[in-house]
Amino acid sequence: MGKEDKTHINVVVIGHVDSGKSTTTGHLIYKCGGIDKRTIEKFEKEAAELGKGSFKYAWVLDKLKAERERGITIDIALWKFETPKYYVTVIDAPGHRDFIKNMITGTSQADCAILIIAAGTGEFEAGISKDGQTREHALLAYTLGVKQLIVAINKMDTTKWSEARFNEIIKETSNFIKKVGYNPKTVAFVPISGFNGDNMLEASTNCPWYKGWEKEVKGGKATGKTLLEAIDSIEPPKRPTDKPLRLPLQDVYKIGGIGTVPVGRIETGILKPGMVVTFAPSNVTTEVKSVEMHHEQLSEGVPGDNVGFNVKNVSVKEIRRGNVAGDSKNDPPLGAASFDAQVIVLNHPGQVGAGYAPVLDCHTAHIACKFAELLQKIDRRTGKAVEESPKFIKSGDAAIVKMIPSKPMCVEAFTEYPPLGRFAVRDMRQTVAVGVIKKVEKAAAGSGKVTKSAAKAGGKK
């Protein structure tokens, strides 16, 4: 396969705080990854000087994370690694303060979640206990449409590579992920040591009893021994190029000599120079002069591309972060007057009733929305209603809620445009709930601003 032919996939790594996520992820990036040798040598030297030699893989990640938190790394290449079949991007290194928020508003949908479980006595139990983070992260991944899962059972060296312990953990974890919604038969369970490297890229000699993992896939079975092979057995995603354009703006820049340049990630559809786009909810329509990525002109941008595009006769004051660009001729985006969403309350100290008005983070928008009406309480796993018009909901509950944004915002139904149909509910500096939008009541399309160039471009086509 030529270098360019590989499919790009996104994975999210979840698990308890001490499961060894950083070490395992660091190891993959380190061995197959986008970090150049010079950087690694620099990290190793620093780690040794600080007496942190034993943490070298985690250290790689800590350094990257520190840079990311300080806003230095625009260069996400560091978070990439390559398998024989895929280019893999680690969407979020957990342990990050805003992991839950990032996963929802996150720059992209994960194609697969890798759940890392620590095999050590007591460690495993802590990780999947009732209030464990692991449960919350796994539930979140499932709710947000990440339907593929790999389970890596880490720190097997601390159990002296005990087959009995491995089987016990598979049994417990299978029950656990089944409750969340995953089918264990479709999941690869891989015993690893993220630190020593066993079964990461090459089969380990420390577990002669281990015959390999197997899982059901469309049209048969997939088998393998290592975590890398398990990642390669992820079913490739269908990228939504055939859907109408949706591009949530991350920023809008004013660049001397060029003009107004909105920047964001194409979630669905295609963006080309010469297209006439409409921004919602600000209701501005204009022509796209040029599209670029990494300082190179593009003839077209596709889903997943982070692009900047130059628009004619629109000032920086008219469009802003949180607006969504779409094709004015093909299902253009509109503001939402209200929307119904399935909301899962994760951790709210009290009860949530009608009138509650927290901030919603949906794609790049950050806007207060009122819980106008609790329509029904539902069973989280089946989605069936268990109570009509409940008075309030509390932690652990799921409900269908009618929501009204406090100011114009553009959202979509999850089934139509997934990245614009999931949100985090933020209150008290944490994520108190997550939601998936079922249907949207669009605001009436008023007569917005249409620039001259848009009218002209619209006329000639």
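Every residue gets a Cβ built from N, Cα and C, even glycine.
Taken from Swiss-Prot, the feature N,N,N-trimethylglycine applies to Gly2, supported by similarity to another entry. The N6,N6-dimethyllysine annotation in Swiss-Prot covers Lys3, Lys317. Feature annotation from Swiss-Prot assigns N6-methyllysine to Lys3, Lys31, Lys317, Lys391; the stated evidence is similarity to another entry. The domain 'tr-type G' annotation in Swiss-Prot covers 6-241. Look at Swiss-Prot and you will find 15-22 tagged as region 'G1', backed by similarity to another entry. For 15-22, 92-96, 154-157, the entry in Swiss-Prot reads GTP binding site, with the evidence type similarity to another entry. Feature annotation from Swiss-Prot assigns region 'G2' to 71-75. According to Swiss-Prot, the feature region 'G3' maps to 92-95. Annotated region 'G4' per Swiss-Prot: 154-157, in sequence order, evidence recorded as similarity to another entry.
On the structure: features taken from Swiss-Prot.
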residue: Gly15; record: GTP binding site; DSSP class: strand
residue: Lys21; record: GTP binding site; DSSP class: helix
residue: Lys31; record: N6-methyllysine; DSSP class: helix
residue: Met156; record: GTP binding site; DSSP class: helix
residue: Lys317; record: N6,N6-dimethyllysine; DSSP class: coil
residue: Lys391; record: N6-methyllysine; DSSP class: coil
Using the alpha carbons only, what distance in Å do you get between Met156 (GTP binding site) and Lys31 (N6-methyllysine) once rounded?
20
Top Cα neighbour of Lys391 (N6-methyllysine) in the set of binding-site residues Gly15, Asp18, Lys21:
Gly15
Taking every protein chain shown into account, which of the recorded positions Lys21, Lys31, Lys317, Lys391 has the largest tally of Cβ atoms within 10 Å of its Cβ?
Lys21
Surrounding CB atoms that lie within 10 Å of the CB of Asp18 (GTP binding site), all protein chains:
14
Candidates Gly15, Asp18, Lys21, Lys317 (recorded positions) - the one closest to Lys31 (N6-methyllysine) by CA:
Lys21
Integer Cα-Cα distance in angstrom, Asp18 (GTP binding site) to Lys317 (N6,N6-dimethyllysine):
46
PLDDT averaged over the residues of the region 'G3' (92-95):
53
